[in-house]
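A.B. asks: One structure follows; several queries about it will come next.
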Amino acid sequence: MKTTYVNATIVTMNEQNEVIENGYIIVENDQIIDVKSGEFANDFEVDEVIDMKGKWVLPGLVNTHTHVVMSLLRGIGDDMLLQPWLETRIWPLESQFTPELAVASTELGLLEMVKSGTTSFSDMFNPIGVDQDAIMETVSRSGMRAAVSRTLFSFGTKDDEKKAIEEAEKYVKRYYKESGMLTTMVAPHSPYTCSTELLEECARIAVENQTMVHIHLSETEREVRDIEAQYGKRPVEYAASCGLFKRPTVIAHGVVLNENERAFLAEHDVRVAHNPNSNLKLGSGIANVKAMLEAGMKVGIATDSVASNNNLDMFEEMRIATLLQKGIHQDATALPVETALTLATKGAAEVIGMKQTGSLEVGKCADFITIDPSNKPHLQPADEVLSHLVYAASGKDISDVIINGKRVVWNGECKTLDEERIIFEASRYKRGLQR
């Protein structure tokens with residue numbers, strides 16, 4: 001099946017960050033086979049031609065760190081620091097989860113993400129009360145591209161920890177794939193919730209199965225102090241000593257990193273999922289993304305969970321990310337719009353090991369989203385496309401979402417998930433949680 005999308009303004013995110021006016025994209029099954037400007041002559045003998053009527057077309061957004069199973073916890077635990085938020089709000093509520101509630105919560109997060117333009121994401125879920133196979137089936141049904149990882153903790157007894165490692169290894173062996181729509185990573189929660197033995201086992205599983213690692217690291221000053229007091233090393237050095245960085249690793253946050261650590265992480269291909277809104281809301285601080293990029297680190301933007309954000313709007317994250325860097329450095333040139341867009345598209349895709357997506361180029365997967373600026377005053381005049389995408393647009397502006405060549409959202413309507421049912425069930429299950 002060949003489909004051509006014509007009469008579009010195309011934000012390619014190629015090496016030149018080229019914006020093509022009055023262009024077209026040809027998709028064959030799940031791949032982009034041509035991207036050009038001008039009138040379409042049907043040289044490829046396509047099956048369908050769709051007039052985009054001047055819509056902006058850009059790569060699907062890539063969210064590098066989420067917790068979609070937590071989506072029912074939106075608004076619970078506002079105005080709290082990370083540790084009390086986890087210990088008195090999030091973990092007690094997660095302990096009440098059932099398989100049915102976890103699916104309803106996941107569906108809500110997936111619906112919010114895809115309708116706001118996210119096409120790919122990397123997720124960590126707490127396995128307590130969760131049917132992991134049902135979660136993977138739910139993500140698959142959504143049509144999204146994802147790395148969904150089972151989180152490991154050292155809570156309970158040593159036997160509990162051993163069982164957690166065994167279950168996580170089975171999960172990795174079942175779901176890890178080098179390519180395709182769904183995969184997984186090895187995901188120890190953090191250095192403050194995992195023993196040294198567990199982190200070493202996670203490193204072993206990652207090496208033996210050739211997977212990536214996903215971990216919360218250097219998120220707060222308290223974490224750095226506590227790990228240094230307990231192990232005599234800062235979190236980065238401690239994680240390295242456990243062998244975690246033998247495989248490409250995504251660290252969520254990286255708020256508290258010094259110059260030497262940034263250089264070390266760049267050398268060891270450790271990437272950062274930058275969560276600006278979540279870090280601000282939890283009072284964790286502001287990650288120095290400008291310095292990370294200057295050190296050669298790979299960085300991708302993320303939302304974290306709705307419990308700490310409180311939405312999954314990647315446009316908002318792009319805007320906050322660039323404004324924060326300008327503010328903390330007192331440098332208006334820090335993190336310009338092209339860089340912010342890169343960190344939410346092709347750069348983010350590289351961070352989570354999905355190089356097949358993130359830009360609109362021949363050979364890439366057909367993952368793209370559209371915005372119709374014609375009826376939106378906040379996107380007018382419509383000629384400054386890149387600026388408007390970062391500084392003015394929001395997820396609510398999305399018209400269409402195409403993932404792997406399939407129309408997942410069309411004219412604002414999700415084709416893969418039952419929006420009315422999901423919203424109804426979210427409210428019903430939320431009422432059952434004991435706060």
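From the backbone N, Cα and C atoms, a Cβ is placed for every residue, glycine too.
Annotations for this protein, taken from Swiss-Prot, read as follows:
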BINDING   H65, H67, H216, D304  Zn(2+) binding site
BINDING   E94, R150, H189, E219, D304  substrate binding site
A.B. asks: Specify the count of other C-beta atoms within 10 Å of the C-beta of H189 (substrate binding site).
C.D. replies: 20
A.B. asks: Measuring Cα to Cα, how many Å separate H65 (Zn(2+) binding site) from E94 (substrate binding site)?
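C.D. replies: Rounded to the nearest whole number, the Cα-Cα distance is 18 Å.
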A.B. asks: Other residues with Cβ within 8 Å of the Cβ centroid of H65, H67, H216, D304 at the Zn(2+) site?
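C.D. replies: Close Cβ neighbours, site residues excluded: T66, M124, A252, H253, A273, N275, S278, A302, S305, S308.
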A.B. asks: Show which residues of the chain containing E94 (substrate binding site), separated from it by at least 6 in sequence, have their CB under 8 Å from its CB.
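C.D. replies: E94 (substrate binding site) has long-range Cβ partners M70, L73, N126, I128, G129.
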A.B. asks: Near H189 (substrate binding site), meaning Cα within 10 Å, which of H67, H216, D304 (binding-site residues)?
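C.D. replies: Near H189 (substrate binding site) by Cα: H216.
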A.B. asks: Rounded to an integer, what is the Cα-Cα distance in Å between H67 (Zn(2+) binding site) and R150 (substrate binding site)?
C.D. replies: 11
A.B. asks: How big is the gap, in Å, between the Cα of E219 (substrate binding site) and that of D304 (Zn(2+) binding site), rounded to a whole number?
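C.D. replies: Each residue's Cα considered, E219 (substrate binding site) and D304 (Zn(2+) binding site) end up 12 Å apart.
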A.B. asks: Rounded to a whole angstrom, what is the C-alpha distance between D304 (Zn(2+) binding site) and R150 (substrate binding site)?
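C.D. replies: Taking the Cα atoms only, D304 (Zn(2+) binding site) lies 16 Å from R150 (substrate binding site).
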